[in-house]
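Colleague: One structure follows; several queries about it will come next.
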Amino acid sequence: MVEREYLINDGRSYLPPKVSVRRQRISKQLTVKRCVAALLLLSFFSITYSIVYLSYPFTSLIRREWRPEPSIMCQQMLSGMIGRLPVHDHRSIGGVRLRTDPKVLVFVETTYSKLGRDITELLVYNRIKYKVEVASKSLPVLTNLDKGKYGVIVFENLHKYLQMDKWNRELLDKYCREYNVGIIGFLLGTEERLIGSQLRGLPLFIHTNLRLKDATLNPGSPILRLTRAGETVWGPLPGDDWTVFTANHSTYEPLAWANNNSHDWTEPQDQETTKTPLVTVIQDHGGFDSIQRVLFGSGLRFWLHRLLFLDSLSYLSHGQLSVSLNRYILVDVDDIFVGERGTRLRSEDVRALLRTQEKIQTMVPGFKFNLGFSGKYFHHGTSEENLGDDLLLEHVNKFTWFSHMWNHQQPHLYENQTQLELDMALNKNFAKEHGIPTNSGYSVAPHHSGVYPVHEPLYSAWKRVWNIKVTSTEEYPHLRPARLRRGFIHRNIMVLPRQTCGLFTHTILINKYPGGREKLDESIQGGELFQTFVYNPINIFMSHMSNYGNDRLALYTFESVIKFLRCWTNLKLTSAPPHILAEKYFSLYPEEADPVWGNPCHDLRHKKIWSHNKTCDQLPRFLVIGPQKTGTTALYMFLSMHPNISSNIPSPETFEEIQFFNGRNYYRGLSWYMDFFPLVKNSTAQYLFEKSATYFDGELVPKRAHALLPHAKLVTILISPAKRAYSWYQHMRAHSDPIASNYSFYDVISASDTAPKPLRDLRNRCLNPGRYAQHLEKMVTILSTYTASYNRWVNSYDRIQSMLWINYRNF
Ligand SMILES: Nc1ncnc2c1ncn2[C@@H]1O[C@H](COP(=O)(O)OS(=O)(=O)O)[C@@H](OP(=O)(O)O)[C@H]1O
């Protein structure tokens, strides 16, 4: 029977009452069935979900098709020309009369100007020495004993050079000609747009305030050494204040050019400029006034300019300021076996790791991923991830390996050295059982703990259990900025600076990358990561296991950046085991072997990874620095009598003096020093102090004391230098020194430079500490270089002045 529906007058359907009851019954039955079906469906999904969830946590639902693939490709890669073209050696051009270790002289607009800071930071990164002068002041001394002090002169604002007063300009130009030194100048945007304006005194014209795109290099330029030509940086260039050059003389040769990207420029001559490439960096060969120059139409915001700047320094200094083209790479993969379930490596990830490693090996000879393992968490993943663990071990010899902590515990949390060693031994036993090599001599501490600030038990345990020779950290002397990271050697363990690649344990998915995928790509393509490779001859990168599973961001990152480096630079990439890298590092930078102990309490991050047993209350608040024989022992005794003042406990070797900052004791480390200031319960002493009379003339003391105790007061007593010298002579006689016993005081102090060495040594110890003005001046100068601003410099100076204690009666 057909049930009819009637339309009521408002357009809705209406059923007659009898039909409606039957229909309601049917509808009720249907609803029950639907509910049951829905319930069944829901239970099915919940069971399935919990099964999935139990074996793979949420992260396994990652959409793997979004995983980024390294797609960097360039003409030179395609043509197979990479590594075949000769690289310019700037040393072969022209003679120079520079000192062996020339600096760069940088003229800045103000001490705070942005580009000036960019320039000096770049120089610091590349360890190129420099001197900064504010332009328009008088010139610094340019020569020393007929040798030029500066290899290149840089002007943050070229106009400051062009508008220099006649005298200084002539002096500077004369220096450049006579010592064969070149000038680098930057031209930035102007308040009003200049069009075809001539640069004062030069046959060169500029257009300013342009927007540009698509930068290309002149492949024939002799300046290119580090930088490789042949590619184009497509797209808009950073900034809207570019200056471009047009020349009226054959001395000029373009180094880089780009296309106009300014839509608002409608003047007739610009119709031409929109089509012809515009010169953004130009070389002056010196054909006009015998001075070579490289002029930049924008600052260092554009990454390519950073490379061109380094090449210009090299070219204009005739190779005296060239950076090496060799780059060593080591990629540490920390936390092997440690990651959480669902974020670890599966078999397919391990296979991808091997494939990428093979690809990188074709570009970086000797490259192997360096895997840092914590054995306790082996097979702690899902069943698929456990297969990944097995596959890593199947290919154990394809990688290099190093030990993390057995249980990933931070070493500074162990006060008990035996326990620390036992845990390390567990990891070693694990390695032996699973065929992992144990002889790399390299290890890394979880979270950098114990490496710096130094936790002595870690160094001892590393030596005893693993015979560690090398480690690496990003904590010394401070986490940021990266350009200031340095190495040091402690207890024969070489600590290398470690670089970050922009990925951390939590950075596992491209669509969650902080700042978006563009941020990572920017870092790879000319940005921070790319520049890390360019500036550091030895690169040890930190990455984590989770970066190689999931979206495999680390594989993407390293393969991409290596390709990008090959497209844009002539750097020779290679790899070597950590101990070889460490030896190379300290032969390149021998001055870094000496550590500098900072105060862990001045850095939150350092405090966090410092032993809980330590406290900065155990450090002195003032130092009596000498000089010797001025009554320092008497002062030490008088001060110690004061109930609010307490001195160090005596040293078994040097009695009341610790002699930490001036000699070999410094290498015993901070903990050793602090042990001289034990915390005494219920003590009223608020002021701890230390007296070591040899600090006064100790070469390294100002730097070291300032690093550890930047706020400490320094106390010095000055008496007549003659009386001081005589007192020292008597002191040596009293100690039966053979020279003092056999020579008169007059003989000693008047000994010539040809006298026997022991006699000269005694003469020096008598006379040198008494050169008060010299030592105080050095102290002030050193302290001022370690302080950031003028105000702090004044404070440092005051620090010495206020505590200068002149014993007039003895003068
Ligand atoms: N109160 C007081 N005032 C001034 N001078 C004093 C005082 N007490 C000791 N002395 C004299 O200081 C000389 C020892 O100096 P130091 O203690 O600095 O010597 S040391 O460097 O620690 O060995 C030593 O000098 P000489 O006797 O001339 O050798 C001490 O006699």
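Heads up, the Cβ atoms here are built off N, Cα and C, so glycines get one too.
Unlike curated records, TrEMBL annotations are generated automatically.
So TrEMBL has the following annotated:
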type: ACT_SITE; residues: LYS629; note: active site, for sulfotransferase activity
type: BINDING; residues: SER727; note: 3'-phosphoadenylyl sulfate binding site
type: DOMAIN; residues: 100-316; note: domain 'Heparan sulfate-N-deacetylase N-terminal'
type: DOMAIN; residues: 326-530; note: domain 'Heparan sulphate-N-deacetylase deacetylase'
type: DOMAIN; residues: 620-781; note: domain 'Sulfotransferase'
type: TRANSMEM; residues: 35-56; note: transmembrane segment
Colleague: Among the recorded positions LYS629, SER727, which residue has the largest number of other Cβ atoms within 10 Å of its own Cβ?
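Modeller: Counting Cβ neighbours within 10 Å, the top one is LYS629.
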Colleague: Using the alpha carbons only, what distance in Å do you get between SER727 (3'-phosphoadenylyl sulfate binding site) and LYS629 (active site, for sulfotransferase activity) once rounded?
Modeller: 6
Colleague: Could you say whether, by DSSP, LYS629 (active site, for sulfotransferase activity) belongs to a helix, a strand or a coil region?
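Modeller: It is coil.
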Colleague: Report the mean pLDDT of the predicted model across the domain 'Heparan sulphate-N-deacetylase deacetylase' (326-530), rounded to a whole number.
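Modeller: Computed over the domain 'Heparan sulphate-N-deacetylase deacetylase' (326-530), the mean pLDDT is 96 on the 0 to 100 scale.
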Colleague: DSSP three-state call for SER727 (3'-phosphoadenylyl sulfate binding site): helix, strand or coil?
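Modeller: In the DSSP reduction, SER727 (3'-phosphoadenylyl sulfate binding site) maps to helix.
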